[in-house]
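Let me begin by presenting the structure, written as structure tokens, before commenting on it.
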Amino acid sequence: MRGNDVILENLSMRFGDFVAVQPTDLKINAGEFFSILGPSGCGKTTILRMISGFLSPSQGRVIIGDKDMSGIRANARPTALIFQNLALFPLMSVRDNIAFGLEARGIGKKARQDKAQELLSLVALDGHGDKLPTALSGGQRQRVAIARALAVEPSVLLLDEPLSALDLKLRQHMRAELKELQRKTGVTFIYITHDQGEALTMSDRVAVMNKGVVEQVANSDEIYANPATPFVASFVGEQNVFKGKVVAKENGYAILETPLGKMLGQNTQGLNQGDDAILFVRPERLSLQEKPGQQNSLSATLERRDLEGPFVNLHMRAGEHPIAIHITNVDQTHQSLGTEQKLWFAAQDAVVMRPGELASE
Amino acid sequence: MNSLIKSYGKGLTALFVGLTVVWIAALIVLPQISMVDRAFTYEDRGGAAATLSLEIDRAYQEVFQISTSLDDLRAEKEALSSGGSAASQQESVSALDPFATPAPTPSQGVNMLDPFAAPSASGSSNRTAAQIEADEAPLIAKKSELEAKIVTLEAKEKASTDTVGLDTSYSLKNFTEMSSVHLQVFLSTMIYALCVTVMAFALCYPVAYAVATATSKNKIAILMLGLLIPYAINELLRIFAWVMILEKNGVLNAVLDMFGIIDLQVGEGFRFVASNGAVFTVMVYAYVLFMVFPIYNTIDTLDKNQIEAAKDLGASTFRIHWRVVLPHAKPGIAVGAIMTFMLSAGSIAVPEIVGRGLHPDWFSQVIYRRFFEADSWNQGAAYSLTLLLACVVFILFNMAVFRVGIRDIAK
């Protein structure tokens, strides 16, 4: 099996007056694990359906491996789709499910069975071939769906939130499995999800979408560390958000006047004095330290403490402004509720951006 | 039962159960038992006892006719004695004749049943009265002869067997003595009903699939209305509507005439009615709804992603239906087929109205005639039972073929 690259050229989709996908250009590399991340209704599934051929784009085209897919129907494209609910055929055995694509291609029974057996081994389901899908567990069904899709040797595998029905433990386990399968097979994976954890852990690259627009395409680290827009910043991971006005800028940094005092952060978008701005700082970048005389010092009251296990969420309040802090479980100090504490963050850990839409919680 | 009591209370539950028992007993079990009993009861219409009882019946009938004639004669005599005109007597005598002539039969007897017979023997001096007397005498003699015969016959009947009337006994003869014509009608009805079922399925499956997979709400509503509106009309009216279409001077021939294919003016025109095709068409139309809805219901529950998944895996339209949609719709198809088959096998209105006796008989028509024309209820019951059994066999066969259980059908 070999992956192919997928190129979206000026691709857009409208349903009546509603624009589901704004004109989009995107290149997904051969053999890449590519995720499209966004809230529900952002158009990510529409893009997937246009790539798979179930929807014809209003405009633009999909090119898979140098071949224009316009006018080619879903059943003739080199793609295979894994549905959110898996859509396994409940009345066929696991083996017949996996062999269905081969059967549809008119491949002989013996060859089908061999291939199905091979795939059963690939997804570690030897011995389950004669069962009905309903007799399997959630994770096993998941693997059947993947095997069924891989049986037709697609060059692009499209996955539509396939892990969303699984419980947390299994989901985390399946992430590793999917990644491993992708590496083993070399097929291009296009993975649709609203779960940033899935996108960040598995993907080579992630596209973050909102309201039909791809806001940023980058690898996981880049997305997390250097979000391009307020939406990406607030959608991926948690953020403390401070709104204010730029009062000064120097050496790539900007000083913001906020209700909580002056704050300093990286001026990546080149804002000028007098511009409205938002400053983002991640909860784990805040520390319970007192740095007298330094900028970006705050004082806040601890209102709630949530133990997540490896780390602790502290919910604090500075005046009316809620502030979230993550600290690791090893350095728990000064955590009595109701006490006023000093906080501080480094200027290079904060990003100043032009105001824009934030992801709603 | 407990859940019923919990949700409705003891009183209502008792009412429900009571009504259900009454319903099952009075409307299902008892009529069925009576029918089965009749079906297995054989009336021997050719045996010695039957001949005997027929003879007795016939004798009684003759006695009755003779006594009415005697009554008439006596009335005439009384009219004479009170001074009636000769013309009127003459008239009444000649009017009597047709009644009197069938009376003289080989057997003769004494009428013990007629109290007026004895006084009528007293004579009258009138010429016409004498004539009447002459008519009366042989009648009275015949009557007493007949009555004597009835006594001996009844004694004979009593001696030979204790049963009165026809010789009835439990046997399979009502079934085994089905004439070859009736058997042929039965078999062809089964085949016809099967044809109707297959045609209804061929018509309904695409429709049901289209409705079930329609995405727009309006489209579904329109399709549903289109299916339901014809069924707001009485079945007979729907059948007659088809007669209007298929009649020789009907709509279909008029349309053909319009296109110049035939010329109604010179009497051309197809006789569409009273053909297999017409009966099948009307029947499919009459029962199509019973096929559409079960199939629609099952396809509606199919996860549409499965259709897309199959398509995505490269399956052709045929394969999608053969491997994904049809297997899922099996219970619905089974239910639809059973209902359509039973309705069409038992249909009487369609073959009667559309067939006009020119179309080969439907078995239900034979049953009707057994009951109400041949006056052979036992044979009619046996034929009905045969039809019922054939339908049950069809149901079981269907369940085996589609591999569905009662539970799936109930769904």
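Just so it is clear, glycine is given a Cβ too, placed from its N, Cα and C backbone atoms.
The following features are taken from TrEMBL:
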{"type": "COMPBIAS", "residues": "B:81-96", "note": "compositional bias 'Low complexity'"}
{"type": "DOMAIN", "residues": "B:186-398", "note": "domain 'ABC transmembrane type-1'"}
{"type": "REGION", "residues": "B:81-100", "note": "region 'Disordered'"}
{"type": "TRANSMEM", "residues": "B:12-33", "note": "transmembrane segment"}
{"type": "TRANSMEM", "residues": "B:185-208", "note": "transmembrane segment"}
{"type": "TRANSMEM", "residues": "B:220-245", "note": "transmembrane segment"}
{"type": "TRANSMEM", "residues": "B:277-296", "note": "transmembrane segment"}
{"type": "TRANSMEM", "residues": "B:333-354", "note": "transmembrane segment"}
{"type": "TRANSMEM", "residues": "B:381-402", "note": "transmembrane segment"}
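Among the listed stretches B:12-33, B:220-245, B:333-354, B:381-402, the one sharing the most Cβ pairs under 8 Å with the transmembrane segment (B:185-208) is B:333-354. When each of B:12-33, B:220-245, B:333-354 is checked for Cβ pairs under 8 Å to the transmembrane segment (B:381-402), B:333-354 comes out on top.
Long-range Cβ contacts of the transmembrane segment (B:12-33) within its own chain (Cβ-Cβ under 8 Å, at least 6 residues beyond either end) map to 1, 4-5. Residues of the same chain lying 6 or more positions beyond the ends of the transmembrane segment (B:220-245) and with a Cβ under 8 Å from any Cβ of it are 207, 210-211, 214, 251-252, 272-273, 278, 281-282, 285-286, 289, 292, 349-350, 353-354.
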